[in-house]
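Quick notes on the structure that follows.
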């Protein structure tokens, strides 16, 4: 590659997700529900429907009683090799093709299918029981005859449903009334969106004002709602009451909804049902995620195809050596049946059972408590990771915010000077309460102090008011909001919010004297240091979104009548909203370099007329059904101009325990770590340094902000000249580079020891994962804890979710769930490495077992003039791959080359695993040669040493074959487990005991002779001893790296 990257022509920007996705309407049409469209729902009158709606039945089953068996069998036989074995078994019904008893071919196939059917049946029964439990839950329905009980499955669109506290919401509803005095309720949404914080919901104002719930049936009103869709965070609709003069219309948003699957956390609520059954938000979001097929499974499938090719070739060669005489096509089929053992039918079952064992071992590991395996099909992926992509907040850090800095422009207050802030707040409210008489004139010092105190007070008051935090009072573990609020007791107050940052800010204002003690949908109460209660009316709230990066609130001070618009947000958006100043950008950078999360706080005083004009336009925009979000944003932006900058806040999110040694372990294991975060560049860089993601002796190249192709070209050329340096790039620059220089950028970035992407959107995180997979062909692992990490986790080859403060959404979407980032090291170094090596050994032994007996069959047929006559029949051929050898071979899933402590202490062992794969074409060829050697040795030895009868050949060869397999397993095991010993002895005992019942195939009197024993011993020794000698020499002169640590 040249030092200079040529200027590239414009490339079309790729879609963020190339996989086709069906929209909501297409989904509904496929389900038979017709085209989804908006609806009008009359309160309490389900018969007044303008279209048919699905029943409110939850059904997560894949099959029903009649389709279960056909469906399971179809899913199994759509795979070529399962269908191949079915055809072979069916061929035994044709007399010319029969080689022995029917059960010889049907029993192995039946066993494999039985395991699958039983597994599917258990899962289906579990789904049926869960669905029946949900569908049978009883609720109260308001009717003209009073309150009646109704099952969840019988609820219809238009019903008025009463949901009690701690009860699950049965359908998607509009919130009409609540029993809470504050006119709102809290919902627990962790089962819907994975977030553990409670969500505040507000009833329709018109219906909340009615005297009783029964009056809902006396008014003529309806809800106009948008068509069903999958968006759980937004809703557009209107409520209209026709029998009032004039008719009342209210806009409805997400704050007025009660989605099915959420749980009422406070009070009793009444709602009108909007969506049921398959149109529920929760059901429409329950889609099957991308099915991840492990790279190991793909490699095994490839080897199986090679074996199939060998099967066909050997069969054709056998017939060709007969010169295609007679009905040669029947002979080909007979040879395909004879050598069908070349393809091990039990391989998939063994590997699946092995994965179950790996998952069980991971869950039982006491050193990584709380780890959950949600996808048991890809544990081997953990042992082959080359790129780890991690979120920052809540993943590397604790997501426990600590207030560290208040900056007013001319003065900054840190932790050591918070007493000054407290004294300023105290002085303000002390002066107000004393209300001193007029003096001759304040001194200059007093004026300066009052000026500073008022600035501090305005900043603290803004922080105490501008948020979505609600104080919840608990007494003796039982929520008793009304009683506790009367006294505003500090001991039983808990803050509920969707963001840990907001809770940290409100807790800080409490520590300096201004405490949030009460809040409902229309008011807020603050308590001053003198225990005075300040009352504020909430006029409007503009919630935080990832797109806007800010939130705002308009409040009216009840004591003065002043209306104030407060806003806080990220510096990148607030810089264009606040009045011109010369310190915002510089101080934001300084605080970010200290690792602080910075928020900019501003305010704007509004005249009564100004607010009334805004409210009229805002209400009109909210009543719009089409493009509501755009119209509302336009109205809000009209206020967001020339706001007064009050302060900057800095909160610190400390690193989790043992993050530094974990990242060092991953780096030494040859895994490159990329940090993808939404934080600003300086904060992300500081965290990367503190976490030692970037080592002290590494340079950091901060990719300059680029906005077009030419700037990207120049910056990439500058970056190309750097060597062994970490890259830090913003999401905006990343988007430009990927648009014009995707290949060049990824090639350079992959050479970096570490990469930090800041201001990264969720879709960009997923795009980076996809590009790494496409450009490098290496396996990726994505780690995150929040909803914005889900797309990245699902896109990666192996997704790991961290259960954190932001909820369980990432954890539920991941393949593996951990409680702390430090557990990732053991998950990869120990369990990933062991799973990969064990599956490799298991698959090779299963293939070796099949090739050995197939080689013996080939030798036998060749000696007897290429006759298509089976060497072993009946129970011998079935028992060989089951009770005689299955347990020892499967016990390899318990083997390990080094202790767990050693694997953690020397992560270089993981790197060696990536370089020299335990399952490759080279190792496969070695095991093929071993199988051919041992099969030939056993068969020729038996033919040379047998005395007179054919049954002697069978007895000598089969016994030698069983002993060879058991010895090969014993020679391969590196760390003995007591179960391995039991498996070896049990298999040998089963064989010896079964000889009594195998007199049809084996001469029982012959095997008791000394002649039989020495012949079997010699053959077994010749087949195994050379391999043991080679293994010893290799270990002596070219030992593997792990052997140096175990010797």
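FYI, residue positions are counted from 1 along the chain as it appears here.
Backbone N, Cα and C define each Cβ position, glycine as well.
Within the listed segments 267-288, 333-354, 355-376, 377-398, Swiss-Prot records transmembrane segment for the stretch 333-354. Membrane topology taken from Swiss-Prot puts residue 92 and residue 945 on a shared side. Looking at 194-215, 216-237, 238-259, 304-325, the range annotated in Swiss-Prot as transmembrane segment turns out to be 304-325. Residue 391 (active site, 4-aspartylphosphate intermediate): 29 other CB atoms within 10 A of its CB, across all protein chains. Against the transmembrane segment (924-942), stretch 1007-1030 has more CB pairs under 8 A than any other of 97-119, 333-354, 875-893, 950-972, 1007-1030. Only residues 6 or more beyond the boundaries of the transmembrane segment (842-862), in the same chain, are considered here, and those with a CB under 8 A from a CB of the stretch are 300, 303, 307, 314, 318, 335, 338-339, 341-344, 346-347, 350-351, 354, 868-872, 877, 880-881, 885, 889-890, 892-893, 919, 923-924, 927-928, 930-932, 934-936, 938-940, 943, 957, 961, 964-965, 968-969, 972. The topological domain 'Cytoplasmic' (355-841) scores a mean pLDDT of 86 in the predicted structure. Per DSSP, the topological domain 'Extracellular' (92-96) is made up of 2 helix, 0 strand, 3 coil.
Sequence-distant contacts of the topological domain 'Extracellular' (863-874), counting only residues of its own chain at least 6 positions beyond either end whose CB sits under 8 Å from a CB of the stretch, comprise 99-101, 103-104, 318-319, 321-322, 331, 334-335, 338, 853, 856-857, 880, 943, 954, 957-958, 1000-1001. Fewest Cβ neighbours within 10 Å among the binding-site residues 393, 785: that distinction goes to 393. In the three-state DSSP scheme, residue 789 (Mg(2+) binding site) is classed as helix. For the topological domain 'Extracellular' (1000-1006), DSSP puts the residue distribution at 1 helix, 0 strand, 6 coil. According to DSSP, residue 391 (active site, 4-aspartylphosphate intermediate) sits in a coil region rather than a helix or strand. The two recorded residues residue 785 (Mg(2+) binding site) and residue 391 (active site, 4-aspartylphosphate intermediate) have their Cα atoms spaced 8 Å from each other.
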